[in-house]
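Below you will find the structure I want to go over with you.
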Amino acid sequence: MTALSHSSAWAALARHRRDIADTRMRDLFAADPGRFGAFSLEAAGLFLDYSKNCITQDTVGLLLDLARQQDVEGACARMFGGEPINLTEKRAVLHTALRNRSDRPVTVDGRDVMPAVRAVLERMDAFANSVRDGDWRGYTGQPITDVVNIGIGGSDLGPVMATEALKPFAHAHVALHFVSNVDGTHLAEQLKWLDPETTLFVIASKTFTTQETLTNAHSARRWFLETAKDEAHVARHFVAVSTNEAEVRKFGIDPANMFGFWDWVGGRYSLWSAIGLPIMIAIGPERFAELLAGAHAMDEHFRTAPLERNMPVLLALLGVWYRNFWDASSYAVLPYDQYLHRFPAYLQQLDMESNGKSVTRGGEPVDYQTGPVLFGEPGTNGQHAFYQLIHQGTSLIPCDFVAAATTHNPIGAEAGAHHRILLSNVFAQAEALMRGKTADEVRAEMTKSGKLAEEVEALVPHRVFPGNRPSNTILMQSLTPATLGALIALYEHKVFVQGVVWDINSFDQWGVELGKQLASTILPEMESGPAEGAHDSSTTGLMAWWRANR
Ligand SMILES: O=P(O)(O)OC[C@H]1O[C@@H](O)[C@H](O)[C@@H](O)[C@@H]1O
């Protein structure tokens with residue numbers, strides 16, 4: 001047994017779970033008019049209502065005991081303090097330094113990293129402005145009209161998500177495009193309408209060795225040179241974002257056109273670094289600074305608020321409650337904001353790559369569940385697709401609803417009509433999940449509409465909603481760079497706290513390596529076929545089928 005599953009806080013929660021097995025949220029609401037006030041809080045421009053959870057004050061107390069037992073506060077101090085908490089890679093975890101707007105130094109191995117962070121930001125500012133203002137010219141003297149970011153994973157998802165989310169703030173006459181997939185279709189479809197004379201490529205890769213990114217980058221350069229002819233023109237059209245200067249040089253990009261960052265920035269935590277260059281080109285340095293400031297405000301809240309009033313901590317503990325004590329294997333994030341349409345995809349990497357682990361930090365197998373499967377779609381689309389399962393399926397799927405009080409597009413017959421409809425749906429979904437509909441309620445409703453008793457009884461079981469299905473609602477006044485920054489940081493810290501509770505390393509990702517390794521073995525075998533016995537019959541058979549059918 002692991003220390004966690006053997007611990008007193010864990011056992012107390014398991015007992016409590018049995019005790020409240022028959023407790024219904026709708027009764028808790030009926031019994032306590034102050035429930036909303038008791039289970040909601042505001043921080044860094046975000047409002048969290050967590051009252052629609054299967055919890056009482058006792059539950060929260062026991063979850064906080066678990067957090068204290070697992071030393072969440074100590075772990076938080078160690079992360080912000082630059083200790084090498086990513087043990088398997090012997091690295092500090094300091095994405096918070098990238099958005100540190102205070103005068104506090106942040107030290108790694110005794111050296112303050114803040115001067116270097118500020119220096120890169122200044123270079124990014126100058127470069128982004130020169131592209132936005134049309135001062136950065138292509139090889140024929142024309143301003144840049146299109147920027148293509150080539151990267152994958154953390155070098156893609158954060159920039160795409162934030163660029164989409166902050167579209168209302170993108171005033172520059174520069175269009176952003178993102179290519180990640182090694183499927184040639186992705187690059188080909190993006191390049192189809194672009195002019196090499198006015199296109200700038202940002203090659204974004206922390207390691208600068210990622211197969212997909214390098215393959216796409218080489219193809220982009222070939223496409224560019226078909227028109228530009230002269231290698232010397234590459235310098236005006238290709239810049240790199242990386243920690244690996246040697247590989248950048250090898251690719252043929254002058255380090256003068258490289259924006260660096262550091263090994264203490266994890267890929268999925270890197271949008272605050274030079275990886276955010278496309279975001280900055282889209283929204284401008286001032287707005288990018290607001291994004292950083294919003295995240296910093298959430299960092300300060302996380303670092304200083306007591307656990308019981310700490311938004312990331314509470315969200316994390318609620319996740320642990322369902323994952324470990326209610327057997328909830330998945331979790332939905334449902335942004336009711338079209339601009340956040342890539343937010344669930346971004347969170348999939350953040351959450352599932354961080355906490356998809358099954359050994360403790362000490363290398364022991366865990367005997368409890370860790371990270372859930374995360375999915376989501378922007379509302380209201382999901383309602384007409386998979387919400388059926390969330391309402392009436394056999395699994396418990398906790399949901400986070402995310403929405404802004406105001407819209408950037410107040411359209412409709414009356415101004416803002418669309419937005420009122422959108423928000424009424426968020427509130428209704430959360431209420432429906434919590435309340436459900438009992439058999440008696442179904443009967444009463446159907447009888448009122450004049451249905452025959454027999455017909456009613458046949459339909460009752462199909463029309464009952466079990467309810468008692470949990471959700472959080474996260475609201476902000478408006479989706480801005482600052483509130484987006486706070487929202488992302490909220491989830492980053494949530495994932496961190498869960499990793500601490502589960503005693504896993506949230507900052508490595510060895511699980512992605514095996515597939516990469518095998519692909520590099522298989523690639524040279526594609527044409528000739530593998531040596532006898534090199535693979536299982538399925539893998540060999542699939543390769544043979546491909547050779548016969550291509
Ligand atoms: O930025 P790089 O080095 O090209 O890496 C891209 C991605 O590569 C993947 O293999 C990792 O799992 C991700 O965490 C990472 O973001």
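Note that the numbers count up from 1, one per residue, in the order the chain is shown.
The backbone N, Cα and C atoms fix where each Cβ goes, glycine too.
TrEMBL does not curate its annotations; it predicts them automatically.
These figures come from a predicted structure and were not determined experimentally.
Annotations per TrEMBL:
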- E353: active site, proton donor (ACT_SITE)
- H384: active site (ACT_SITE)
- K516: active site (ACT_SITE)
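Can you tell me where each of these features sits in the structure?
If you draw a 10 Å sphere around the CB of E353 (active site, proton donor), it holds 22 other CB atoms from the protein chains shown.
Summarising the environment of H384 (active site), the number of other Cβ atoms within 10 Å of its Cβ, over all protein chains shown, is 9.
Around the Cβ of K516 (active site), the number of neighbouring Cβ atoms within 10 Å comes to 10.
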Using Cα coordinates, what distance in whole Å links H384 (active site) and E353 (active site, proton donor)?
29
Can you grab the distance from K516 (active site) over to E353 (active site, proton donor)? Cα atoms, rounded to a whole Å.
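Cα-Cα distance, K516 (active site) to E353 (active site, proton donor): 15 Å.
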